[in-house]
Ligand SMILES: *Cc1c(COP(=O)(O)O)cnc(C)c1O
């Protein structure tokens, strides 16, 4: 069944889980954002199994819920943070360690992967010394002044063709300028430890990864020839696609290609890291909301529910994602509109959901809504973000 160009997600929940979601809604009220920690663990394990030599840094921005961070921390995951508050969310898990152990853990397990950092952040980071990314000379000057002990990773601009969320217009040095910028950093007394890229989020065009790996290999070779020095880290970023629909190729196919290309292009000593965000959390969360109003407009049933695009469905705006609205009821369906609760017509979740006839008080749900959803929810119009409920913690 096609809904606004997307078919029903592959990670279909069974009737047992539907019952669970309904029971949780009864217990907690609505809207609820349900996080299944076992699914997060499965996703992490799958990633590690497919790419055993890659160190996994969870991109916290996909979903910064502290319990998700804790679950991944307990599995031995590392973290990609992009702001000081995100850094502190991860730090919370290691604050019981001695200062020396903390510094060691941070250096081994955190990358601050926002290439643009306020000077206050650089000052605050200096004592923790995580890896930090950069992509321009002005940033290098700031780092030199405010965070001179940082280990640096240069972000490359790479093709984002066909990725759902494009990042190359905002980040990354042109590949032709990369070696000069690395050399300049060393001349300033800074240490460049690695190279990174991001092929764009929800990358279903795997050629982006291959081209990015080839560019990286060329740059590392040129740097080595020019200086005799070696760069030992390669960060292949995020972008690992989620099977929102059956047409998305599996991570298995991508992993096989990545493993082969990495082996072909780089020396065995190179350390590879990745920053999956979406892949680890998207299919681990569901939303349950309630029908709070009902009308017929232009002959079409219209349902008003108590979550919308200013809230958990924000990913429809910021993440270019569609989350089919599903019913717990069976029965003949009609094309229906579903609106969020705010007084803005923009708060339209869909004009073409296939839904059976619903009554006020009925529950609806959406699956695969764990990434870039609750994280960008607002308090617009006085409606708070959906309550978070954890299962299988
Ligand atoms: C957003 C982001 C990620 C995560 O991307 P996904 O597509 O969710 O895997 C990783 N690295 C950086 C630098 C990012 O900005």
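The backbone N, Cα and C atoms fix where each Cβ goes, glycine too.
Noted in TrEMBL for the protein shown:
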- 343: active site, proton donor (ACT_SITE)
- 38-282: domain 'Orn/DAP/Arg decarboxylase 2 N-terminal' (DOMAIN)
- 61: N6-(pyridoxal phosphate)lysine (MOD_RES)
Report summary line: Going by C-beta under 8 A and a gap of 6 or more residues, the same-chain neighbours of residue 61 (N6-(pyridoxal phosphate)lysine) are 82, 86, 277, 372, 375
Report summary line: Counting every protein chain shown, other Cβ atoms within 10 Å of the Cβ of residue 343 (active site, proton donor) number 8
